[in-house]
Amino acid sequence: MLSAVGPPVTVRVPAKINLHLAVGDLRPDGYHDLVTVFQALSITDEVSVTAAVPGVVEPGVAISPIDGVDASEVPADTTNLAWRAVEALARRVDRAPDIRIGLRKAIPVAGGMAGGSADAAGALLATSSLWRLDLARDDLMDVAAEVGSDVAFALHGGTALGTGRGERLVPVLSRHTFHWVVAVADHGLSTPTVFAELDRLRDRPEAPRRVGDVEPVLEALASGEARSLALLLGNDLQAAAVSLDPGLRRTLRAGVDAGALAGVVSGSGPTCVFLCAGQDAAVRVAAELAGAGVCRTVRVAHGPVPGARLTDGGPPSSRPPSPIDPSPVDPGPGAYA
Ligand SMILES: C[C@@](CO)(OP(=O)(O)O)[C@H](O)COP(=O)(O)OP(=O)(O)OC[C@H]1O[C@@H](n2ccc(N)nc2=O)[C@H](O)[C@@H]1O
Ligand SMILES: Nc1ncnc2c1ncn2[C@@H]1O[C@H](COP(=O)(O)OP(=O)(O)O)[C@@H](O)[C@H]1O
(Lines of atoms letter the chains of each structure in order from A and count residues from 1; the text may use other names and numbers.)
(Lines give C-alpha, C1' and ligand atoms only; values in the text may rest on other atoms or scores of the structure.)
(Ligands and ions follow the chains in the order given, each with its own letter.)
Protein backbone atom coordinates (compact mmCIF):
# COMPACT_ATOMS: atom_id res chain seq x y z
CA MET A 1 0.00 0.00 0.00
CA LEU A 2 1.25 3.48 -0.86
CA SER A 3 0.61 6.99 0.24
CA ALA A 4 1.90 10.01 -1.67
CA VAL A 5 4.46 12.07 0.22
CA GLY A 6 6.32 15.32 -0.30
CA PRO A 7 5.57 18.19 -2.65
CA PRO A 8 4.92 17.31 -6.28
CA VAL A 9 7.39 18.08 -9.05
CA THR A 10 5.48 19.75 -11.87
CA VAL A 11 6.45 20.03 -15.52
CA ARG A 12 4.75 22.05 -18.23
CA VAL A 13 4.96 20.49 -21.68
CA PRO A 14 3.76 21.72 -25.08
CA ALA A 15 1.61 20.36 -27.89
CA LYS A 16 3.22 19.92 -31.29
CA ILE A 17 2.15 20.52 -34.83
CA ASN A 18 3.83 19.27 -38.01
CA LEU A 19 4.64 22.07 -40.45
CA HIS A 20 5.84 19.48 -42.94
CA LEU A 21 5.14 15.75 -42.74
CA ALA A 22 6.50 13.46 -45.46
CA VAL A 23 5.54 9.82 -44.89
CA GLY A 24 7.57 7.03 -46.52
CA ASP A 25 6.29 3.56 -47.33
CA LEU A 26 5.27 1.03 -44.68
CA ARG A 27 8.33 -0.61 -43.07
CA PRO A 28 8.48 -4.27 -42.08
CA ASP A 29 8.20 -3.23 -38.39
CA GLY A 30 4.81 -1.58 -39.00
CA TYR A 31 6.15 1.99 -38.87
CA HIS A 32 6.75 4.52 -41.65
CA ASP A 33 9.90 6.57 -42.12
CA LEU A 34 9.12 10.22 -41.68
CA VAL A 35 10.71 13.51 -42.58
CA THR A 36 8.88 16.05 -40.48
CA VAL A 37 9.26 19.56 -39.15
CA PHE A 38 7.78 19.81 -35.67
CA GLN A 39 6.90 23.05 -33.95
CA ALA A 40 5.98 23.25 -30.26
CA LEU A 41 2.93 25.45 -29.57
CA SER A 42 1.78 27.43 -26.54
CA ILE A 43 -0.93 24.92 -25.64
CA THR A 44 0.48 23.00 -22.67
CA ASP A 45 -0.35 20.13 -20.35
CA GLU A 46 0.93 20.00 -16.79
CA VAL A 47 2.29 16.80 -15.33
CA SER A 48 2.91 16.47 -11.59
CA VAL A 49 4.62 13.52 -9.96
CA THR A 50 4.82 12.64 -6.28
CA ALA A 51 6.78 9.89 -4.61
CA ALA A 52 4.66 7.18 -3.04
CA VAL A 53 5.69 5.14 -0.02
CA PRO A 54 4.40 1.89 1.38
CA GLY A 55 1.16 2.50 3.27
CA VAL A 56 -2.07 2.96 1.39
CA VAL A 57 -2.28 1.61 -2.19
CA GLU A 58 -0.60 -1.05 -4.33
CA PRO A 59 3.04 -0.36 -5.25
CA GLY A 60 3.74 0.94 -8.74
CA VAL A 61 2.33 3.78 -10.80
CA ALA A 62 -1.04 5.44 -10.19
CA ILE A 63 -2.63 8.29 -12.16
CA SER A 64 -4.95 10.67 -10.35
CA PRO A 65 -6.26 13.24 -10.69
CA ILE A 66 -6.70 13.87 -14.40
CA ASP A 67 -8.45 17.15 -15.05
CA GLY A 68 -8.78 19.80 -17.76
CA VAL A 69 -9.85 19.43 -21.39
CA ASP A 70 -11.19 15.99 -22.42
CA ALA A 71 -10.02 14.54 -19.08
CA SER A 72 -12.70 11.85 -19.18
CA GLU A 73 -11.19 10.45 -22.39
CA VAL A 74 -7.72 9.98 -20.92
CA PRO A 75 -7.00 6.47 -19.63
CA ALA A 76 -5.85 6.24 -16.01
CA ASP A 77 -4.18 2.86 -16.48
CA THR A 78 -1.08 1.34 -17.96
CA THR A 79 -2.11 2.46 -21.47
CA ASN A 80 -1.50 6.08 -20.40
CA LEU A 81 1.76 7.17 -21.99
CA ALA A 82 2.81 9.02 -18.83
CA TRP A 83 2.46 5.76 -16.89
CA ARG A 84 4.51 3.92 -19.52
CA ALA A 85 7.15 6.63 -19.39
CA VAL A 86 7.61 6.25 -15.62
CA GLU A 87 7.88 2.48 -15.98
CA ALA A 88 10.43 2.81 -18.82
CA LEU A 89 12.51 5.23 -16.75
CA ALA A 90 12.31 3.02 -13.67
CA ARG A 91 13.53 0.04 -15.74
CA ARG A 92 16.39 2.12 -17.11
CA VAL A 93 17.64 3.10 -13.65
CA ASP A 94 16.58 -0.12 -11.94
CA ARG A 95 14.17 1.43 -9.42
CA ALA A 96 10.63 0.63 -8.33
CA PRO A 97 8.19 2.89 -10.22
CA ASP A 98 6.33 4.00 -7.08
CA ILE A 99 5.01 7.27 -8.45
CA ARG A 100 1.67 9.05 -8.39
CA ILE A 101 1.04 11.12 -11.52
CA GLY A 102 -1.40 14.03 -11.84
CA LEU A 103 -2.35 15.40 -15.26
CA ARG A 104 -3.89 18.73 -16.17
CA LYS A 105 -4.85 18.51 -19.84
CA ALA A 106 -5.13 21.43 -22.25
CA ILE A 107 -3.91 19.54 -25.33
CA PRO A 108 -6.86 17.97 -27.19
CA VAL A 109 -6.97 14.19 -26.87
CA ALA A 110 -6.38 12.12 -30.04
CA GLY A 111 -6.12 15.38 -31.97
CA GLY A 112 -2.79 14.95 -33.78
CA MET A 113 -1.09 17.31 -31.31
CA ALA A 114 0.76 14.57 -29.39
CA GLY A 115 -0.88 15.19 -26.02
CA GLY A 116 -0.14 11.70 -24.72
CA SER A 117 3.47 12.02 -25.86
CA ALA A 118 3.69 15.40 -24.15
CA ASP A 119 2.50 13.85 -20.88
CA ALA A 120 5.05 11.05 -21.28
CA ALA A 121 7.82 13.61 -21.76
CA GLY A 122 6.55 15.57 -18.76
CA ALA A 123 6.48 12.44 -16.62
CA LEU A 124 10.04 11.56 -17.66
CA LEU A 125 11.42 14.97 -16.78
CA ALA A 126 9.43 15.30 -13.56
CA THR A 127 10.34 11.81 -12.32
CA SER A 128 14.01 12.18 -13.15
CA SER A 129 14.00 15.44 -11.20
CA LEU A 130 12.10 13.89 -8.26
CA TRP A 131 14.55 10.99 -8.15
CA ARG A 132 17.48 13.40 -8.65
CA LEU A 133 18.75 11.26 -11.52
CA ASP A 134 21.84 12.49 -13.21
CA LEU A 135 20.93 11.11 -16.63
CA ALA A 136 22.62 12.52 -19.72
CA ARG A 137 20.17 14.30 -22.01
CA ASP A 138 20.75 11.62 -24.66
CA ASP A 139 19.75 8.90 -22.18
CA LEU A 140 16.47 10.66 -21.41
CA MET A 141 15.85 11.11 -25.16
CA ASP A 142 16.52 7.40 -25.58
CA VAL A 143 13.90 6.44 -22.99
CA ALA A 144 11.53 8.94 -24.65
CA ALA A 145 11.94 7.28 -28.06
CA GLU A 146 11.21 3.89 -26.49
CA VAL A 147 7.83 5.19 -25.21
CA GLY A 148 6.61 6.72 -28.52
CA SER A 149 7.73 8.37 -31.74
CA ASP A 150 6.72 11.90 -30.67
CA VAL A 151 7.91 11.84 -27.06
CA ALA A 152 11.46 12.98 -27.80
CA PHE A 153 10.17 16.12 -29.54
CA ALA A 154 8.00 17.03 -26.55
CA LEU A 155 11.18 17.05 -24.44
CA HIS A 156 13.06 18.99 -27.10
CA GLY A 157 10.48 21.65 -28.04
CA GLY A 158 11.15 24.64 -30.29
CA THR A 159 11.23 23.77 -33.97
CA ALA A 160 13.01 20.60 -35.06
CA LEU A 161 13.51 18.32 -38.03
CA GLY A 162 12.46 14.76 -37.17
CA THR A 163 13.54 11.66 -39.09
CA GLY A 164 13.33 7.92 -38.52
CA ARG A 165 9.95 7.35 -36.82
CA GLY A 166 10.11 11.03 -35.93
CA GLU A 167 12.31 10.44 -32.90
CA ARG A 168 15.65 11.49 -34.42
CA LEU A 169 15.78 15.25 -34.00
CA VAL A 170 17.91 18.16 -35.05
CA PRO A 171 17.00 21.73 -34.08
CA VAL A 172 15.84 24.02 -36.87
CA LEU A 173 16.69 27.72 -37.00
CA SER A 174 13.42 29.60 -36.62
CA ARG A 175 13.84 33.34 -36.12
CA HIS A 176 10.32 34.31 -35.60
CA THR A 177 7.23 33.71 -33.52
CA PHE A 178 4.43 32.37 -35.70
CA HIS A 179 0.78 32.89 -34.84
CA TRP A 180 -1.64 30.01 -35.21
CA VAL A 181 -5.33 29.33 -34.90
CA VAL A 182 -6.11 25.78 -33.80
CA ALA A 183 -9.47 24.22 -34.71
CA VAL A 184 -10.21 21.30 -32.39
CA ALA A 185 -12.68 18.68 -33.64
CA ASP A 186 -15.42 17.15 -31.51
CA HIS A 187 -13.87 13.66 -31.86
CA GLY A 188 -10.43 12.11 -32.26
CA LEU A 189 -8.70 10.07 -34.97
CA SER A 190 -6.55 7.05 -34.17
CA THR A 191 -2.96 7.48 -35.36
CA PRO A 192 -2.48 3.85 -36.57
CA THR A 193 -5.81 4.02 -38.44
CA VAL A 194 -4.74 7.19 -40.27
CA PHE A 195 -1.38 5.67 -41.28
CA ALA A 196 -3.22 2.53 -42.48
CA GLU A 197 -5.65 4.68 -44.49
CA LEU A 198 -2.71 6.40 -46.20
CA ASP A 199 -1.26 2.99 -47.14
CA ARG A 200 -4.67 2.03 -48.55
CA LEU A 201 -4.98 5.26 -50.57
CA ARG A 202 -1.44 4.83 -51.91
CA ASP A 203 -2.33 1.36 -53.23
CA ARG A 204 -4.97 2.87 -55.52
CA PRO A 205 -4.21 4.16 -59.02
CA GLU A 206 -5.12 7.74 -58.01
CA ALA A 207 -2.74 7.78 -55.04
CA PRO A 208 -2.52 11.14 -53.24
CA ARG A 209 0.30 13.49 -54.22
CA ARG A 210 3.24 13.48 -51.82
CA VAL A 211 4.59 16.60 -50.12
CA GLY A 212 7.68 18.19 -51.68
CA ASP A 213 11.20 18.49 -50.25
CA VAL A 214 11.73 19.83 -46.77
CA GLU A 215 14.51 22.31 -47.66
CA PRO A 216 12.21 25.19 -48.74
CA VAL A 217 10.33 24.82 -45.44
CA LEU A 218 13.60 25.16 -43.52
CA GLU A 219 14.48 28.25 -45.58
CA ALA A 220 11.10 29.85 -44.89
CA LEU A 221 11.53 29.19 -41.16
CA ALA A 222 14.97 30.76 -41.23
CA SER A 223 13.59 33.83 -43.01
CA GLY A 224 10.80 34.13 -40.45
CA GLU A 225 8.30 35.08 -43.16
CA ALA A 226 4.87 33.69 -42.35
CA ARG A 227 3.68 34.21 -45.93
CA SER A 228 6.52 32.08 -47.34
CA LEU A 229 5.95 29.38 -44.75
CA ALA A 230 2.19 29.38 -45.44
CA LEU A 231 2.77 28.34 -49.06
CA LEU A 232 4.86 25.38 -47.94
CA LEU A 233 2.82 23.78 -45.13
CA GLY A 234 2.21 20.16 -46.14
CA ASN A 235 1.18 16.85 -44.62
CA ASP A 236 1.03 13.46 -46.34
CA LEU A 237 -1.42 12.25 -43.67
CA GLN A 238 -3.90 14.98 -44.58
CA ALA A 239 -5.44 13.02 -47.45
CA ALA A 240 -5.92 10.02 -45.14
CA ALA A 241 -7.41 12.13 -42.32
CA VAL A 242 -9.79 13.81 -44.79
CA SER A 243 -10.72 10.45 -46.30
CA LEU A 244 -11.69 9.18 -42.82
CA ASP A 245 -13.33 12.47 -41.85
CA PRO A 246 -14.52 14.35 -44.96
CA GLY A 247 -15.86 17.22 -42.80
CA LEU A 248 -12.25 18.38 -42.38
CA ARG A 249 -12.41 19.84 -45.90
CA ARG A 250 -14.98 22.32 -44.65
CA THR A 251 -12.90 23.20 -41.60
CA LEU A 252 -9.80 23.82 -43.73
CA ARG A 253 -11.75 25.97 -46.15
CA ALA A 254 -13.44 27.93 -43.37
CA GLY A 255 -10.11 28.90 -41.76
CA VAL A 256 -8.78 30.30 -45.01
CA ASP A 257 -12.09 32.05 -45.73
CA ALA A 258 -11.78 33.60 -42.26
CA GLY A 259 -8.47 35.19 -43.29
CA ALA A 260 -5.74 32.69 -42.38
CA LEU A 261 -2.71 32.54 -44.70
CA ALA A 262 -3.06 28.76 -44.93
CA GLY A 263 -4.34 25.75 -43.05
CA VAL A 264 -3.22 22.15 -42.69
CA VAL A 265 -4.24 19.06 -40.72
CA SER A 266 -1.93 18.61 -37.72
CA GLY A 267 -0.18 15.22 -37.82
CA SER A 268 -2.75 12.45 -37.98
CA GLY A 269 -5.54 14.94 -37.28
CA PRO A 270 -8.32 15.80 -36.91
CA THR A 271 -7.08 19.11 -35.44
CA CYS A 272 -6.54 21.71 -38.19
CA VAL A 273 -4.06 24.54 -37.70
CA PHE A 274 -4.07 27.87 -39.51
CA LEU A 275 -1.07 30.12 -39.93
CA CYS A 276 -1.93 33.80 -39.57
CA ALA A 277 -0.10 37.02 -40.48
CA GLY A 278 0.22 38.14 -36.83
CA GLN A 279 -1.37 37.98 -33.42
CA ASP A 280 -4.21 40.40 -34.18
CA ALA A 281 -5.00 38.53 -37.38
CA ALA A 282 -5.06 35.26 -35.43
CA VAL A 283 -7.58 36.64 -32.95
CA ARG A 284 -9.80 37.84 -35.83
CA VAL A 285 -9.55 34.49 -37.66
CA ALA A 286 -10.32 32.61 -34.44
CA ALA A 287 -13.42 34.67 -33.76
CA GLU A 288 -14.75 34.15 -37.27
CA LEU A 289 -13.91 30.45 -37.33
CA ALA A 290 -15.59 30.00 -33.95
CA GLY A 291 -18.81 31.26 -35.51
CA ALA A 292 -18.58 29.01 -38.58
CA GLY A 293 -19.70 25.86 -36.75
CA VAL A 294 -17.01 23.66 -38.31
CA CYS A 295 -15.27 22.49 -35.14
CA ARG A 296 -15.75 22.09 -31.41
CA THR A 297 -13.31 24.69 -30.10
CA VAL A 298 -10.98 27.30 -31.54
CA ARG A 299 -7.79 28.42 -29.83
CA VAL A 300 -5.13 30.98 -30.58
CA ALA A 301 -1.55 29.81 -30.04
CA HIS A 302 1.99 30.76 -30.95
CA GLY A 303 5.18 28.86 -31.58
CA PRO A 304 7.88 27.92 -31.23
CA VAL A 305 7.90 27.50 -27.44
CA PRO A 306 10.34 25.45 -25.32
CA GLY A 307 9.92 21.74 -24.65
CA ALA A 308 9.14 20.14 -21.27
CA ARG A 309 10.19 22.48 -18.42
CA LEU A 310 10.00 22.23 -14.64
CA THR A 311 7.67 24.88 -13.28
CA ASP A 312 9.03 26.95 -10.39
CA GLY A 313 7.68 24.57 -7.80
CA GLY A 314 4.38 26.37 -7.30
CA PRO A 315 1.09 24.49 -7.53
CA PRO A 316 -0.24 23.68 -10.98
CA SER A 317 -1.96 26.69 -12.54
CA SER A 318 -5.72 26.90 -12.64
CA ARG A 319 -5.69 26.77 -16.41
CA PRO A 320 -6.53 25.24 -19.01
CA PRO A 321 -6.75 28.49 -20.93
CA SER A 322 -10.19 29.51 -21.95
CA PRO A 323 -10.80 28.61 -25.56
CA ILE A 324 -12.99 30.55 -27.92
CA ASP A 325 -16.05 28.37 -28.11
CA PRO A 326 -17.80 28.20 -31.42
CA SER A 327 -21.56 28.04 -31.48
CA PRO A 328 -20.04 25.17 -32.32
CA VAL A 329 -10.71 21.79 -52.35
CA ASP A 330 -8.50 19.19 -52.60
CA PRO A 331 -7.56 17.09 -49.58
CA GLY A 332 -4.03 16.48 -50.88
CA PRO A 333 -0.91 17.18 -48.92
CA GLY A 334 -0.68 20.90 -49.54
CA ALA A 335 -1.81 23.72 -47.33
CA TYR A 336 -5.18 25.29 -47.95
CA ALA A 337 -4.41 28.85 -49.01
C1 LIG B 1 1.54 11.13 -36.80
C2 LIG B 1 2.45 11.76 -35.78
C3 LIG B 1 3.23 12.89 -36.47
O4 LIG B 1 4.03 13.61 -35.57
O5 LIG B 1 1.84 12.31 -34.63
P6 LIG B 1 0.28 12.42 -34.15
O7 LIG B 1 -0.43 13.15 -35.23
O8 LIG B 1 -0.22 11.03 -33.94
O9 LIG B 1 0.31 13.22 -32.88
C10 LIG B 1 3.46 10.72 -35.24
O11 LIG B 1 4.20 10.15 -36.25
C12 LIG B 1 2.81 9.64 -34.42
O13 LIG B 1 3.62 9.42 -33.33
P14 LIG B 1 3.09 8.64 -32.03
O15 LIG B 1 1.67 9.04 -31.74
O16 LIG B 1 4.14 8.81 -30.97
O17 LIG B 1 3.06 7.21 -32.59
P18 LIG B 1 3.52 5.82 -31.94
O19 LIG B 1 2.83 5.62 -30.64
O20 LIG B 1 5.01 5.68 -31.98
O21 LIG B 1 2.90 4.82 -33.03
C22 LIG B 1 1.52 4.56 -33.09
C23 LIG B 1 1.25 3.84 -34.39
O24 LIG B 1 1.27 4.81 -35.47
C25 LIG B 1 1.89 4.26 -36.62
N26 LIG B 1 3.13 4.98 -36.91
C27 LIG B 1 3.64 5.88 -36.03
C28 LIG B 1 4.80 6.57 -36.34
C29 LIG B 1 5.43 6.31 -37.58
N30 LIG B 1 6.56 6.92 -37.93
N31 LIG B 1 4.90 5.41 -38.44
C32 LIG B 1 3.74 4.75 -38.13
O33 LIG B 1 3.26 3.96 -38.93
C34 LIG B 1 2.15 2.80 -36.30
O35 LIG B 1 1.00 2.07 -36.70
C36 LIG B 1 2.27 2.79 -34.78
O37 LIG B 1 1.94 1.55 -34.22
N1 LIG C 1 -1.62 11.10 -21.29
C2 LIG C 1 -2.50 10.90 -22.28
N3 LIG C 1 -3.24 11.92 -22.73
C4 LIG C 1 -4.11 11.72 -23.75
N5 LIG C 1 -4.33 10.52 -24.34
C6 LIG C 1 -3.61 9.47 -23.93
C7 LIG C 1 -2.66 9.62 -22.90
N8 LIG C 1 -2.07 8.44 -22.74
C9 LIG C 1 -2.61 7.60 -23.61
N10 LIG C 1 -3.55 8.19 -24.32
C11 LIG C 1 -4.30 7.50 -25.41
O12 LIG C 1 -3.68 7.88 -26.62
C13 LIG C 1 -4.63 8.20 -27.62
C14 LIG C 1 -4.03 9.29 -28.54
O15 LIG C 1 -3.97 10.47 -27.79
P16 LIG C 1 -3.06 11.74 -28.08
O17 LIG C 1 -1.65 11.48 -27.75
O18 LIG C 1 -3.73 12.87 -27.37
O19 LIG C 1 -3.28 11.98 -29.63
P20 LIG C 1 -2.44 11.93 -30.96
O21 LIG C 1 -1.75 10.59 -31.00
O22 LIG C 1 -3.47 12.10 -32.01
O23 LIG C 1 -1.48 13.06 -30.92
C24 LIG C 1 -5.87 8.63 -26.85
O25 LIG C 1 -7.04 8.31 -27.53
C26 LIG C 1 -5.77 7.91 -25.51
O27 LIG C 1 -6.51 6.70 -25.54
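Just so you know, glycine gets a Cβ as well, placed from its N, Cα and C.
Taken from TrEMBL, the feature active site covers Lys16, Asp150. Taken from TrEMBL, the feature domain 'GHMP kinase N-terminal' applies to 80-158. Positions annotated as ATP binding site by TrEMBL: Pro108, Val109, Ala110, Gly111, Gly112, Met113, Ala114, Gly115, Gly116, Ser117, Ala118. If you look up TrEMBL, you'll see 218-291 marked as domain 'GHMP kinase C-terminal'. Residues or ranges marked as region 'Disordered' by TrEMBL: 304-337. Annotated compositional bias 'Pro residues' per TrEMBL: 317-331, in sequence order.
Mapped onto this structure are the features recorded in TrEMBL.
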| residue | record | contacts (Cβ under 8 Å, 6+ apart) |
| --- | --- | --- |
| Lys16 | active site | Phe38, Gln39, Ala40, Leu41, Met113, Ala114, Ser117, Ala118, Asp150, Phe153, Ala154, Gly267 |
| Pro108 | ATP binding site | Val69, Asp70, Gly115, Val184, Ala185, Gly188, Thr271, Thr297 |
| Ala110 | ATP binding site | Glu73, His187, Gly188, Leu189, Ser190, Thr191 |
| Gly112 | ATP binding site | Leu189, Thr191, Ala241, Val265, Ser266, Gly267, Ser268, Gly269, Pro270, Thr271 |
| Gly116 | ATP binding site | Asn80, Leu81, Ala82, Val109, Gly148 |
Could you check what DSSP calls Ala110 (ATP binding site) once collapsed to helix, strand or coil? coil
Comparing the recorded positions Ala114, Ala118, Asp150, which residue's C-beta has the most other C-beta atoms within 10 angstroms in this structure? Ala118
Can you check how the pLDDT averages out over the domain 'GHMP kinase C-terminal' (218-291)? 97
Among the recorded positions Gly112, Ala114, Gly116, Asp150, the ones with a Cβ under 6 Å from any atom of ligand 2 are Gly112, Ala114, Gly116
For the domain 'GHMP kinase N-terminal' (80-158), how many residues does DSSP put in helix, in strand and in coil? 46 helix, 8 strand, 25 coil
Within the set Pro108, Ala110, Ala118, which binding-site residues show a CB-to-ligand 1 distance under 6 A? none
